[in-house]
Amino acid sequence: MLIEFDFHQCNIDGNQTLSTYANSSFSSRKKHVWYKQPVDNQTGKLYGEPVRSHSFNVVNTSWFQVALNHSSGYSSLENGWNNGGEPLFLTSVSLLGKGVIAMGVPVKRLTDRLGGINLYGGSLSLITMDGKLLLNGIPNTKFIYVNGTIFLQFMWPNGVKNFPCSNDTPETYKVDTDGKEYNVRCSTVEISGVQSVYALALPHEGIASFVYSKINYSHIALVVTMVLLVIPLVFFVSSMITNAQREICLHDKLIKQMEATQQAERKSMNKSLALVGASHDIRAALAGITGFIDLCLANAAPGSDFETYLKQMSLCAQDLLGLLNSILDTSKIEAGMMNLEEQEFNLADLIEHVVDLYHPVGMIKGVDVVLDPCDGSIIKLSQAKGDRGKLKQILSNILSNAVKFTVEGHVCVRAWVGKHDFETEILASTRKGLGKYVPRLFSDKNEGNGDVKAESAVRQNRDLVEIVFEVDDTGKGIPKEKQKSVFENYVQVKETAAGQVGTGLGLGIVQSLVHLMGGEIGIVDKEFGEKGTCFRFTVFLTACETQGAAMYGGTNSSFAIRNSSPKLGIRTPSPNLDGSQVVLFMRNIERRRVSQKFLESLGISVLVVDHCHHFPSALKKIQSKLNSLLNSSRRSDMSCRSDISSSSSKEMPLSAMEGTEHKLPFNRRKDTPSFNLLVIDVNAESFSELWRTVAEFRRGLHSTCCKVIWLDKPTSPCIDPKRLDSRDEILLQPFHGSRLHRVIKLLSEFGNLSQGISSSSESSKHPYGKTRLRHTQGNDEIQGYVSSSNERYSKQGSSSPTLERTRGRLKSKRKNKDGAESSNGEKPLIGKRILIAEDNKMLSILAITTATQLGADVEHCENGNEALELVCDGLKAQRNYDYILMDCQMLPMNGYEATRRIRIEEERYGVRIPIIALTAHTSGTEAMEAGMDAHLNKPLKTNELMEVIESIETKE
Amino acid sequence: MELVQIQRRLVDYTKSLFMEGFLDAQFLQLQQLQDDSNPDFVFEVVSLFFEDFEKLLNELTIALDQPNVDFKKLDSHVHQLKGSSSSIGAQRVKNACIAFRNYCDVQNIEGCLTCLQQVKQECYLVKNKFETLFRLEQQIMASGGSVPTIELGF
């Protein structure tokens, strides 16, 4: 039996798709068995157990019959048989006329979906062709069926209107309902095979109005964005405009300012020029006045009032000249005409000299002028090259100011070699390079470009050393706010300047000079509570160290090293008890402090006594210390005893051994007792009192060598030389610089060979028994002293370097001064033939006389041509000149040309006559290029001529 | 007048010349060149200088009067004057000449004229000084004394 599934239906029931089917055989038609089975939504396959269901009466329904007879399926809208019979779209297909498969979709699903669409105020109605209403969304309407056509009937209160809807092509009608216009669109539509009609009513401007409303929003957004963009733009532009306006304004002001500046500069320039001219004129007039005063003085009766007045006038004129000179200096600096004149000099001497100059001035006021050697670097440097005069001027000016404005206390001058390496130097110079634009700390408006140039030139040299000076006084001081302006010209600090004269140019000049020498000047801040002002300035000098060493290298090489600076002298620090003991008793605090610091820096044990009451007790303390030491070491005691009584036979081998430094401390420990040096300022206490104390101290010492240096005032000596011990020395204040060094050299560590008893025995033999260290201004005394001490020291095989130095200097000085005298005796050029070519009569007489005095045989001619002729004649006659002195600027043939020709001529004879150029210019490069051997500056000087001739001879 | 006094005055006067900067060390050199063989050496040289500067000043005045000043020529004249003055140690004339040459270098007629006046002034001034000096020396010689040598620390 064939079981057929004659009916098979799928329909969606709730969320579950169910398949309902029944088998049918026409044989058992009456009874069908129905099954229900769930269908997989994805695959369409049946799953699960078929459940037997109640039977449906479908066979008799029309659609079943139609579908059964149709070969190609059939679609219709039918009431469902499930769940209360809701309508379904049913699609059924017959199976070989024996069964039907139908698939149903509930209408409700479709209408729900359609109803859910947001039509923006529109509505939709749907009806099948056979009049079954599916959806009626359009209000006040209904579908009517007339003659096979479906109409949509609008029902208004005032009437009814029909619109045909069953056309295949969609038609659009305009309908006005409740004041609203609607577009109604009707057409046929096929929904899963069922012919239907739809009508869609949309408000006339429904979607458009929606778009319009959205457009408004976007417009607003756009406008807001635009506004937000425009506001900053406006702001920006306006600020730009304001800035531009301000800039223009500033430009305008700048231009005006620049004009004003230029005008001021021009004015100032004119003023300076006028000043230069005027001061020259004034000086000339002044010179006239002084000249006439002198003339009057010559005629005045000596001793008369008239003469005194004239002398007063002369003094006033001198003062005036001094003032004028300072003004002239300023104008020179302003005009940029100030140049450095470099020469070699001894820096330590220079500083000491200046300080010594002002010491008496200070003494009168009761102000002590102290030179602080600091770390001794200046003494080490010794020889330096620079503008001596200007440095002296700077130092004098500041020092004189310091002394002038200090009423009590002291003025301290410190100098040391600044730490200075090239990197900072380069930095400094680049900074200086920008200095034109960057306002400097000590800017000086008056300083010309020439200054800056000179400065950078100074800084480029590599051998430069920076010397730092400080002048520290305890005067009234300069108020903080005035400190910057004191360096400006014509500025005086009025509060302190009361009763003081001056143009106010001094510090201005000083500053310009310091700048000229590449340095800087300023006022150093003092600590709170300290009185006075401290000026500090730096200058750059070229160091000439080789020169300095050569100076000492006279006698003994080891000596030379040891004494070239005191600091080098003590490589092996001496133990306190064996070393020398120095007692300083001075009244002035600053000097005491400075001396102590310097001595201690050299490793010398220093005892300082600041008050006369403490002096005896201090001496006693030393005495007991020494005596206990002596008791502990008997040997030294012995040797010292012998020292006192006998001659220095024991010392001599010692001194000979002192050449080697390593042995020195050893020797001393063994044989030499410690050496005492008392430095006593007589002004601190009455001399007799002091003398008594010292004498007592001496008695108390059994054997130790003790030397006393009495410091005396140069103005009012109060020492009675007769009462002094033979070993004692009198030294005049100020006690610093070379005098301090001399005292240091008396100490055994520093090469004193004549210490102790040996000195006394030596000096007693000598007419200069009491070695006077009296330094006075007079040359004679120094010479006498120096020569005598030279003899004294040279007897012992070596001389004190200071003395050696002084002697050397004096000798050379004497040589310069008495050039004529010495040449009279020697006539070094005797037998030499010299040709002098010089067109100026006066200069030629000068040159001829100079050469003649040196013993030479002189011939003279007036120009290059003549010189050439004379030389040629000489060459022919085999009588050559030994030297030719040739002026360079002559007519018709000048010296250079003549030299070139002479060189050509003499080449043929194979000789070369030394030609010395005489120029008025400082540089001799042109002369050298022309073939000359040397050049001399006019006017001719005896010693320079001799130097040149000697150098030529040694060259040959 | 007493001889010693005149001698003292001469020394003072000479010193003042140095102090005021009229003379410099070159004049001492000049004095050293004078010896028994030519006792009037200084006087001769100085007289030559007087002639020299009269001539040069004259030429300078003429040169500066020209409508077109020949600065080169002017400079060489000043240079000569500078040489002469420095030879006898007339320091201030020399200094004035240096200033003069500076103006010549920059071709400043105004400055040159001022400087010429200055140089003239200095020349005559120093001439005056020298004359006084020589007069004093002559007085000493006439009194039968010797001219004291001047020791100055140069």
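Each position is counted from 1, following the chain as shown.
Note that Cβ sites are derived from N, Cα and C of the backbone, with glycine treated the same way.
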Matching range for TrEMBL feature annotation, region 'Disordered', among A:174-195, A:438-459, A:636-657
A:636-657
Do you know the mean pLDDT across the domain 'Response regulatory' (A:833-953)?
82
Just jot down the residues in the same chain as A:ASP887 (4-aspartylphosphate), at least 6 apart in sequence, with C-beta under 8 A of its C-beta; none if empty.
A:ALA837, A:GLU838, A:ASP839, A:ASN840, A:LEU843, A:GLY895, A:LEU918, A:LYS938
Based on DSSP, tally up the residues of the domain 'Response regulatory' (A:833-953) by helix, strand and coil.
58 helix, 24 strand, 39 coil
